[in-house]
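Student: Sharing a structure below in structure tokens format, with a few things to ask.
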Amino acid sequence: MADQGIPKSVNFLFGGSAGMLATCFVQPLDVVKNRLQLSGEGGAPRLYNSSFDAIRAIYVKEGFNGLFAGLSAGLLRQATYTTTRLGIYTTLLDRVRARNQGENPNFASLLAIGLVAGGCGAVVGTPAEISLIRMCADGRLPKEQQRGYTNVFNALSRITKEEGIATLWRGCLPTVGRAMVVNAAQLGTYSRAKQMLLKTGYFRDNLFCHFNASMISGLVTTIASMPVDIVKTRLQNMKVVSGVPEYSGAINCFTRVIKVEGVFSLWKGFMPYYFRLGPHTVLTFIFLEFFIKTYKKTKGIEGSSGGL
């Protein structure tokens with residue numbers, strides 16, 4: 001085939017599938033990250049001293065399954081959020097390359113594409129996101145205070161019934177903000193890092209190159225997105241008591257975290273966040289690159305050596 005493009009539906013399918021496969025490997029780190037971000041909320045005593053202490057405590061109290069709490073929500077989140085963001089990203093990237101006669105877009109264009117893709121994905125994925133946060137956090141509470149969702153569909157149903165359908169998009173604004181930061185940093189820096197590594201002459205377009213580009217991308221993304229992520233996590237997990245929510249909004253949550261817990265609390269859970277985001281980024285892009293290359297090779301599409 002002479003056509004160098006990939007159908008939009010295939011881009012979306014590959015993006016979601018890559019994200020879902022990666023989530024199966026890193027879900028325990030997502031659980032630990034969420035627990036650490038909620039630990040010490042409002043000046044309460046911290047439940048865990050470190051990431052390793054959190055892993056140990058979760059395993060002792062909840063068993064091995066506790067480390068995979070919310071996996072069904074994590075998979076649905078990837079099926080919605082990642083399918084949309086990577087599908088839109090790869091589609092826009094292909095269009096820009098076509099206009100540039102095959103040349104890669106500049107860094108500013110990569111960031112802009114990432115922002116658009118992330119924002120769209122976040123809106124679609126927020127219901128699964130709020131279910132994930134709650135299911136990951138539930139085990140830290142006494143039995144009588146736990147929400148006890150059995151799976152993501154039970155969570156979505158109960159949230160709608162007990163709190164109203166609008167609750168499924170609670171924290172949507174910071175979720176969109178975080179997603180835009182994550183995608184601008186993650187997708188933009190991944191493509192840029194990959195291009196720079198290839199230009200050195202020491203790398204080829206293979207697994208080792210994808211791994212290094214992903215780890216660079218993951219570090220930049222972690223630093224940039226954590227302050228927004230902790231606000232998103234707190235808002236989506238908060239309870240409304242007698243009609244009064246714990247936080248009035250994202251700004252209120254942000255300022256209270258700094259005032260009560262200190263500015264560095266905005267990066268609380270940095271290590272599990274990075275070690276979750278880094279490997280997830282690596283695995284997602286490795287799977288995505290593999291899917292794209294295999295598809296192009298199978299279909300005989302020109303430029304089958306190229307991925308993102």
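Cβ atoms here come from the backbone N, Cα and C positions, even for glycine.
Pasting the relevant annotations from TrEMBL:
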type: REPEAT; residues: 10-95; note: repeat 'Solcar'
type: TRANSMEM; residues: 12-29; note: transmembrane segment
type: REPEAT; residues: 105-196; note: repeat 'Solcar'
type: TRANSMEM; residues: 107-125; note: transmembrane segment
type: REPEAT; residues: 205-294; note: repeat 'Solcar'
type: TRANSMEM; residues: 207-228; note: transmembrane segment
type: TRANSMEM; residues: 273-292; note: transmembrane segment
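Help me picture these features in the structure, burial and contacts included.
Tutor: Here the repeat 'Solcar' (105-196) is broken down by DSSP into helix, strand and coil counts: 79 helix, 0 strand, 13 coil.
The list of residues near the transmembrane segment (107-125) in space but at least 6 beyond its ends in sequence, with Cβ under 8 angstroms from a Cβ of it, reads 77, 80-86, 88-89, 92-93, 96, 169, 172, 175-176, 178-188, 191-192.
Listed as Cβ neighbours of the transmembrane segment (207-228) (distance under 8 Å, sequence separation of 6 or more from its ends, same chain) are residues 174, 177-178, 181-182, 185-187, 189-190, 193-194, 197-198, 254, 266-267, 269-270, 273-274, 277-282, 285-286, 289.
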Student: Just to be sure I understand, if DSSP states are collapsed into helix, strand and coil, how many residues of the repeat 'Solcar' (10-95) fall in each?
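Tutor: Split into helix, strand and coil, the repeat 'Solcar' (10-95) gives 74 helix, 0 strand, 12 coil.
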Student: Could you give the mean pLDDT over the repeat 'Solcar' (205-294), rounded to a whole number?
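Tutor: It averages 86.
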